[in-house]
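> One structure, pasted below without further comment.
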Amino acid sequence: MVKSTMSAILVLALHLFVLHLQYSEVQSLANTSAHDFSYLEFVYDANDTELEGTYDYIIVGGGTAGCPLAATLSANYSVLVLERGTLPTEYPNLLTSDGFIYNLQQEDDGQTPVERFVSGDGIDNVRGRVLGGTSMINAGVYVRANTSFFNQTGIEWDMDLVNKTYDWVEDTIVFKPDFQFWQNLTGTAFLEVGILPDNGFSLDHLEGTRLTGSTFDNNGTRHASDELLNKGDPNNLRVAVHAAVEKIIFSSDSSGVTAIGVIYTDSNGTTHQAFVRGDGEVILSAGPIGSPQLLLLSGVGLESYLTSLNISVVASHPYVGQYIYDNPRNFINILPPNPIEASTVTVLGITSDFYQCSISSLPFSTAPFGFFPNPTYPLPNTTFAHIVNKVPGPLSHGTVLLQSTSDVRVAPNVTFNYYSNTTDLAHCVSGMKKIGEFLSSDALKPYKVEDLPGIEGFDILGIPLPENQTDDAAFETFCREAVASYWHYHGGCLVGEVLDDDFRVTGINALRVVDGSTFPSTPASHPQGFYLMLGRYMGTKILQERLASEEALHKSTFEPKILESLESALSFAFES
């Protein structure tokens, strides 16, 4: 018995050593550093902004996509970013990997960077309320979008620009993670149970097992989208925090309905107005909850719904707030017999049916909101491992509906209808069975409290897997009863329904949406890499559009003058 145990440990150590070598490829990414707050020179509290101002672009939401979008547009134009949340400097725990759990534990006082809500499904959830958005409160996982995702969007992407844009993001806020024991153990187990091939270190969404990028550096410092503001022109950028945008201002004439500005309030309740000049635009980057909410409050939505709420209809858009999705998260928690070090997610197991990862954590006495399905879930009194399954897509979808027609600070009612689509449920069953194999692997044997076969022998925190690994009905019940949010909700302002392929709101001039509300599926196992890229990408595309338009205008007005001058000169020459 002792000999076989020692052999297993030696084999495990060899696996870990080989895995570590495979993950040691060199990649040019960001260098470990302190979080760079240089951008604070052009950040203001909304209380200190003018009551009325005019800009080339107004961006509603300084989050994952909004910050790189603003930085890019500021190269040529004046940009105002209106962020409803606070500065990350107010909450230092945001800036550390240890703070991920702490920030979920912090009570929501209406100002804290993690805003709590409970979906119509009864599932605890959170959203970012801070400059940097969810990139400032998430688990730091960085992945490029699945190649097939681009093909499914209905958009003709400039893939050369996409890749250059990823590089622009990655050389500032993305890092190659150092060795973490639990993450390497997780990778070993994934390979053992057939999540192949071993892809080493890669930022690409690839089927198999790999080490991926992180927005936490190897000192545990968080880097987020706010730092991309440093790449902008400080003379053209103005960011206002604690700025709650209440409505979009529209004008209407023979050319149609046009967004010309926004109304926002500061923390004292004072009303401000900001307008766009000339060919400028209002761009919503308020996320899958905030962007549909603001459109509805501004009179853009299903006509009968808006009328029933006594909201004046500006434009009939039946799909605003429809088709919002959230990837279900199911999991198993194990309590090892001996303490394990805490780790952040850096190793991923990817298949076509499910995405998997694991974290190890210290014990806690206060429940992190949304981490477990509900407040009654048992809490760990020792270190534990959280082994997670994510359903890709998904196909199940729900709605965003207003709870207040006058106050944007009142969160809308969001329902996701988890597992209402049978394909999603089948993917959960498949994934949780694979987690059963994961628990049965040789790599996990040292973490049992009893030497029992298969999935037995673990000290399980919370709901255990069904004992019969072939009982699909029992697994379906498990999936439904133990579901939590992966915090990767998306949709509500879909391209092809609400937006055209340039992210413009159809039927309205000078209004776009650039954020996580725009697509019906998650772009990769973890979406933040795509939306960081999207902000920069769309900023570049808009600059290109403006340049082409201005060159055409210049040509059309300049050439006739040249011809007129030439004609006069020729006439004078012939006459003389």
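In case you wondered, yes, glycine gets a Cβ from its N, Cα and C as well.
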> Disulfide-wise, see what Swiss-Prot says Cys479 is paired with, picking from Cys357, Cys428.
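Candidates were Cys357, Cys428; Swiss-Prot matches Cys479 with Cys428.
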> DSSP on Cys428 (disulfide bond), three-state: which is it?
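Assignment for Cys428 (disulfide bond) reads helix.
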> Using DSSP with the three-state reduction, classify Asn421 (N-linked glycosylation site) as helix, strand or coil.
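In three-state terms, Asn421 (N-linked glycosylation site) counts as coil.
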> Of the recorded positions Asn31, Cys428, Asn468, which one has its Cα closest to the Cα of His488 (FAD binding site)?
Cys428
> Of all the glycosylation sites given, Asn268, Asn421, which has the fewest Cβ neighbours within 10 Å once its own Cβ is left out?
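Comparing Cβ neighbour counts within 10 Å for the glycosylation sites Asn268, Asn421 gives Asn268.
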> What three-state secondary structure does DSSP assign to Asn47 (N-linked glycosylation site)?
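In three-state terms, Asn47 (N-linked glycosylation site) counts as helix.
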> Looking at the recorded positions Glu83, Asn138, Cys357, Tyr486, His526, whose Cα is closest in space to that of Asn413 (N-linked glycosylation site)?
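Considering only the listed recorded positions, the nearest one is Tyr486.
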